[in-house]
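Colleague: Right, I'll just put the structure down here and ask away after.
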Amino acid sequence: MSPHYIGTMADAADHDAGQDVRLRARVEGVVQAVGFRYWTVRKAEELSLTGTVRNEDDGTVAVVVEGPQSVVLEFRRWLGSDDAPGRVDHVEESVSPATGEFSSFDVVY
């Protein structure tokens, strides 16, 4: 684990809300073939976040998103809400400092 690992979004609340963070999320449920990636891109772009979203072979969706901690928290809440397409049963997450690796938010195939 990186020495800069923060934990979950709940743990990140103890940090500066303006600090840029990276959220890695694995979304479980009925999240493939329901437009989940498309809506995830739209939500990330609406919030001016960067990162990627991709379908995994096990039926989950992997999301990596970077931006200000308070905005990433809003995005994380959306990921697990009824507003997200399909049916989200569980979101596994980890948070670390942002790397600045991304310049946009894209679907990875």
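Placed from the backbone N, Cα and C atoms, the Cβ positions cover glycine too.
Because the structure is a prediction, the values reported are computed rather than measured.
Just lifted these from Swiss-Prot, have a look:
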type: DOMAIN; residues: 22-109; note: domain 'Acylphosphatase-like'
type: ACT_SITE; residues: Arg37; note: active site
type: ACT_SITE; residues: Asn55; note: active site
Colleague: Which residue counts does DSSP yield for the domain 'Acylphosphatase-like' (22-109) in the helix, strand and coil classes, in that order?
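Modeller: The breakdown for the domain 'Acylphosphatase-like' (22-109) reads 22 helix, 37 strand, 29 coil.
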Colleague: Calculate the distance in Å between the alpha carbons (Cα) of Arg37 (active site) and Asn55 (active site), and round it to a whole number.
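Modeller: Asn55 (active site) has its Cα 8 Å from the Cα of Arg37 (active site).
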Colleague: Around the C-beta of Arg37 (active site), how many further C-beta atoms are within 10 angstroms, looking at every protein chain?
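Modeller: Result for Arg37 (active site): 21 neighbouring Cβ atoms inside 10 Å.
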Colleague: Is it possible to get the count of other C-beta atoms within 10 angstroms of the C-beta of Asn55 (active site)?
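Modeller: Its Cβ shell of radius 10 Å holds 17 other Cβ atoms.
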